[in-house]
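Remarks on the structure that follows.
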Amino acid sequence: MGTSGAFSKSDRGDTNEIDLKKKDKECDEFSKYLLDRMRQLEEYNTRLKEETRKIESEKKFAESQKVKYEREVRRLRSEIERMKAPPLLVGTVIETLEGDKVLIKSSAGPHFVVNVSTFIKKGEIYPGAQVALNQQSLAVVNVLPSPKDPLVHGMEIIETPTVGYEDIGGLETQIEELRETVELPLVAPERFERIGIEPPKGVLLIGPPGCGKTLLAKAVARETNATFIRIVGSELVQKYIGEGARLVREIFLLAKEKAPSIIFIDEIDAIGAKRIDTGTSGDREVQRTLMQLLAEMDGFDPRGDVKLLAATNRHDILDPALLRPGRFDRIITVPVPTFDARVDILRIHTRKMQIAEDVSLERLAALTPDATGADLKAIVMEAGMFAVKYGRDKVEWRDFERAIDKVMNASSRPSLQPKDSSVMFA
Ligand SMILES: Nc1ncnc2c1ncn2[C@@H]1O[C@H](COP(=O)(O)OP(=O)(O)O)[C@@H](O)[C@H]1O
Ligand SMILES: [Mg+2]
């Protein structure tokens, strides 16, 4: 029994040991498995974390992208709005009325009483201001800058030109006469009052092209410190009926505003040609412009501080109404320069040039018997160009000889031949 008991005991002990060992082993394996698993999970976790970080940064990027595109969409939308917005009409304020209303004249012609946007301050709207109008209600939505400029566009206002009497060669008698008729009434009107005479209203400069008519007018304006308003006659010839006349009216208004001033109409033959009944509407429009000019001339005081000056090289085709007393009643002829005048003009234009000793201005003047001031200026210029071309330090006689040849023998001088110009007007 004992043995059996011992056996059984030892036997049981054996099995216990084996069991334990087995369990140990299982435990070991299990913990190894767990550890493995844990490591795996940890790895998996870090991978996931990394993935989240990546995705998050992607999300952030996408969000910023979204903001960017939204902004772009907004910009394009507003651009579309802007492109689709109806145009505003342009009008002129005639009068401001009680209760935020104004009387305006639309560009099409009729007058309207309209509202004003509350964004516009009271002081900004005044009679004569140019305003932008809503197309449907014609309400004033904007005040346009400086109303005069667009109206009298094409007109050149030189406050004070840079040309003086010292820049004009010859023409002493013409300068003297201009001073008496234009400058004196502006600077000393009392002298005319004392004697009891009226200075001439308008002065007309006539003579072939390029002899200094425009130059003279500019010089007078500078010496008198007057505002110089220059307009070329052809610019008064407008496309629409009544436009030319309106321009003339506005020029005179502007001149009064900026007085003392000189209105200079260059190439006046464009509107002042003899009225012939050809009957085309374009001619009638030109005549209407001329009539407005005559009316304006009749309407202003010769002793006032606005002087009228005009120039033309075709005074033979001018309408006699323009030359009547009380209109352009003083005519000053600006002739082709004489020998002495040519020397003078050459001296003026070579003032700033490096000239070699062998150049004689007198000899040059003798070689250019029928050159105008503009021709002489061109000759001096061309001579300078030759000197530059050949790399000289000074302009030499041969440069001038070449220049004379180039300028005076150019075939492109038809405007000086009277027979050609008459063909143009025939
Ligand atoms: N008497 C002159 N003295 C100096 N330069 C002159 C003279 N005449 C003409 N010129 C030159 O010729 C250019 C054209 O003259 P301009 O006065 O425009 O002629 P126009 O008689 O056709 O109006 C002037 O800019 C000037 O440089
Ligand atoms: Mg001219």
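Cβ atoms are placed via backbone N, Cα and C, with glycine included.
According to TrEMBL, the coiled coil annotation covers 38-79. The domain 'AAA+ ATPase' annotation in TrEMBL covers 199-338. Annotation comment: TrEMBL describes GLY210, CYS211, GLY212, LYS213, THR214, LEU215, HIS349 as ATP binding site.
Counted over every protein chain shown, other Cβ atoms within 10 Å are most numerous around GLY212 among the binding-site residues GLY210, GLY212. Of the residues the record lists as binding ATP, namely GLY210, CYS211, GLY212, LYS213, THR214, LEU215, HIS349, the two whose Cα atoms sit farthest apart are 17 Å from each other.
Between the listed binding-site residues, namely CYS211, LEU215, the fewest other CB atoms within 10 angstroms of a CB are found at LEU215.
Note on the domain 'AAA+ ATPase' (199-338): DSSP counts are 61 helix, 30 strand, 49 coil. Checking the binding-site residues GLY210, GLY212, LYS213, THR214, LEU215, HIS349 against ligand 2, the ones whose Cβ sits under 6 Å from it are LYS213, THR214. Among the listed binding-site residues, namely LYS213, HIS349, the Cβ with the most fellow Cβ atoms inside 10 Å is that of LYS213.
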